[in-house]
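Peer 1: Pasting the feature list from Swiss-Prot:
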type	residues	note
MOD_RES	Met1	N-acetylmethionine
MOD_RES	Asp2	N-acetylaspartate
MOD_RES	Met44	methionine (R)-sulfoxide
MOD_RES	Met47	methionine (R)-sulfoxide
MOD_RES	His73	tele-methylhistidine
MOD_RES	Lys84	N6-methyllysine
Amino acid sequence: MDDDIAALVVDNGSGMCKAGFAGDDAPRAVFPSIVGRPRHQGVMVGMGQKDSYVGDEAQSKRGILTLKYPIEHGIVTNWDDMEKIWHHTFYNELRVAPEEHPVLLTEAPLNPKANREKMTQIMFETFNTPAMYVAIQAVLSLYASGRTTGIVMDSGDGVTHTVPIYEGYALPHAILRLDLAGRDLTDYLMKILTERGYSFTTTAEREIVRDIKEKLCYVALDFEQEMATAASSSSLEKSYELPDGQVITIGNERFRCPEALFQPSFLGMESCGIHETTFNSIMKCDVDIRKDLYANTVLSGGTTMYPGIADRMQKEITALAPSTMKIKIIAPPERKYSVWIGGSILASLSTFQEMWISKQEYDESGPSIVHRKCF
């Protein structure tokens with residue numbers, strides 16, 4: 001499809017917003033889902049001060065701003081700020097007029113009904129889009145992997161969900177949510193690096209720790225054994241150069257940090273780990289479809305990018321499942337953006353074109369139309 005009429009695909013995550021054009025194989029814009037407002041009026045006199053900043057600009061000016069994340073644990077909690085993020089997406093990042101393009105938005109599994117209505121209302125009334133659609137994030141990830149049945153373990157910055165999907169439909173009664181994701185792991189790494197004598201506290205330093213996490217952390221296949229290896233040799237140590245030129249060395253922190261996904265007790269949480277949550281989701285499904293879920297367990301989201309995570313999931317779920325069960329963990333290399341990619345695929349299918357909610361339908365039925373047309 002041509003850019004001039006291509007649908008826009010916007011995946012709003014707790015940490016990052018991914019946006020682009022349907023039919024593309026990757027999002028054109030990826031920026032932090034943050035809105036910043038000046039802490040003190042008039043502190044930037046003569047700089048053409050704006051009353052708010054979004055994304056990377058808010059991030060770079062964070063010293064003089066109060067930063068807010070309008071999406072918490074995957075769910076929009078601040079609609080005024082969310083509107084600013086969408087405005088920034090259309091006009092500054094994609095440089096398009098939203099009234100000229102259909103818009104596909106994504107939502108968290110189990111998103112409250114009122115929220116989807118509010119999204120619909122803002123798209124039609126504030127941005128005057130000709131058509132829109134709301135799709136569940138995990139379902140799009142499954143489509144991106146070329147499947148319509150499977151269970152998706154989607155873990156991003158703010159929340160982790162396990163979502164069983166059968167023939168393209170998410171099974172709401174079996175979806176489980178775990179409030180443990182990338183942001184918690186970054187915080188945990190800050191904490192364990194502090195125990196090593198390196199101090200990271202400010203939001204600027206948190207970004208450095210996030211980078212260390214993304215570059216050096218991995219999931220151990222056998223945690224106890226890895227701890228023993230780390231204690232007896234320096235083979236697992238890596239060094240990292242901080243922006244000021246100081247070099248720090250990290251050892252067992254590399255795998256202790258993401259281990260919290262499998263042992264939330266590390267963070268003082270009583271929840272089950274991601275392997276057990278996935279298993280529990282499968283067990284909430286009809287016995288006849290479990291086989292299909294075990295054999296199609298798809299990882300999605302930035303927090304599934306750790307090396308070793310798929311092998312560890314395979315090992316842990318094999319230990320929980322019936323002994324004869326075939327278990328397959330699918331970890332596509334592009335899984336950081338698979339929700340967006342699934343949206344790009346869906347919105348460009350010829351069969352999908354009659355699925356859009358049109359402005360006319362919205363005017364006739366109001367925001368509740370979204371429950372009838374998007375599921």
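Just so it is clear, glycine is given a Cβ too, placed from its N, Cα and C backbone atoms.
Note that this is a predicted model, so its numbers are computed, not measured.
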Peer 1: Any same-chain residues 6+ apart from the residue listed as 'tele-methylhistidine' with CB under 8 Å of its CB? Would you list them in sequence order, or say none?
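Peer 2: Sequence-distant Cβ neighbours: Ser14, Ala108, Gly158, Val159, Arg177, Asp179.
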Peer 1: Can you check which residues sit near the residue listed as 'N6-methyllysine', meaning Cβ under 8 Å from its Cβ, same chain, 6 or more apart in sequence, and list them in order?
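Peer 2: Long-range Cβ contacts: Val35, Ser52, Val54.
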Peer 1: Going by DSSP, give the three-state secondary structure for the residue listed as 'tele-methylhistidine'.
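Peer 2: SS state of the residue listed as 'tele-methylhistidine' = coil.
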